[in-house]
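These notes are about the structure you will find just below.
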Amino acid sequence: MAKLTVKDVDLKGKKVLVRVDFNVPLKDGVITNDNRITAALPTIKYIIEQGGRAILFSHLGRVKEEADKEGKSLAPVAADLAAKLGQDVVFPGVTRGAKLEEAINALEDGQVLLVENTRFEDVDGKKESKNDEELGKYWASLGDGIFVNDAFGTAHRAHASNVGISANVEKAVAGFLLENEIAYIQEAVETPERPFVAILGGSKVSDKIGVIENLLEKADKVLIGGGMTYTFYKAQGIEIGNSLVEEDKLDVAKDLLEKSNGKLILPVDSKEANAFAGYTEVRDTEGEAVSEGFLGLDIGPKSIAKFDEALTGAKTVVWNGPMGVFENPDFQAGTIGVMDAIVKQLGVKSIIGGGDSAAAAINLGRADKFSWISTGGGASMELLEGKVLPGLAALTEK
């Protein structure tokens, strides 16, 4: 990566602005998954160990109007972070103004401050999400000319708290998490050790058209599962019962199949049910066709075996999207089967592209078996598509 990193700048005595991704799930004010906070710790610890004063920015959820602020404060995150760091985290509870400025100016070397949810600035004109120039300049003015972007999860967005600050500081650099995310995902796609197998699941072809096109050029095989299977099936005239289908993407699916040169591998059977919820019958299909009155909700046992065979000997695997409705035990065998097929390959570099796939690996107890699990679903998708990420492009060149 030809961008400056946090190790390339002198941090001692400096007020260092840091964009982290603390967009964690909260239930009744309690954090239910702290992975993103843990992922940011190496960069934060490095800054304070070097004598920097870390000023952290993050969003939490979506905030469009005043009422949306309820339950979206970063206060619980500040408490959790303090416990993880073993030191106080200053939390003024505001995004701008005298209270924030005084707290920042009172910081000493090695201390940490967390600014309130950056999206509170979206209430009046979407200043954060629309990269308001004045807001970016203001936040940049709170530091000493150094900005560290460690939020891969928002790197595909041009917001005031990443691109806006970057444009108004002397040096905008990558944190360790951002550096690792780019290294793992970009290197896997651009310079993979082969055979390189990509696995794409999820419900919609429309979400993955660009990714499939890019990976058909880069990968040796592209395995397709999840709900989008049935759009590919219908495009070939295969009966799909009541399964999910994107009627307006049938021509796209047909086109992808035609130009894939056999690289695109589809499931050969499904686990079908007579309803999505409240079903009374679940069974494996004989072949590709889904029965009338039924819908496919997972890949079937023959498909698991086929995908296992396709993954044999793989040296690089990128997986994005579950094979079925994995949250339901009746439809998680496909996702488990594919995960197990990936991790049993010797010497494989295995990467999960965030989102539902990451949740599946964590919930189904396979997370520690993968080389890398991305913290950013949308950002990793755009990297897999070969797109330039605004948050990364805005950083200072080496």
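Easy rule for this one: first residue shown is 1, then count along the chain.
Including glycine, each Cβ sits where the backbone N, Cα and C put it.
Checking the candidates ARG36, ARG53 against Swiss-Prot: the one annotated together with ASP21, PHE22, ASN23, HIS59, LEU60, GLY61, ARG62, ARG119, ARG157 at the substrate site is ARG36.
The Cβ of LYS208 (ATP binding site) has LEU200, GLY202, MET228, ASN320, GLY321, MET381 as same-chain neighbours under 8 Å, each 6 or more residues away in sequence. The binding-site residues considered are GLY61, GLY296, GLY354, GLY355; of these, GLY61 has the fewest other C-beta atoms within 10 angstroms of its C-beta.
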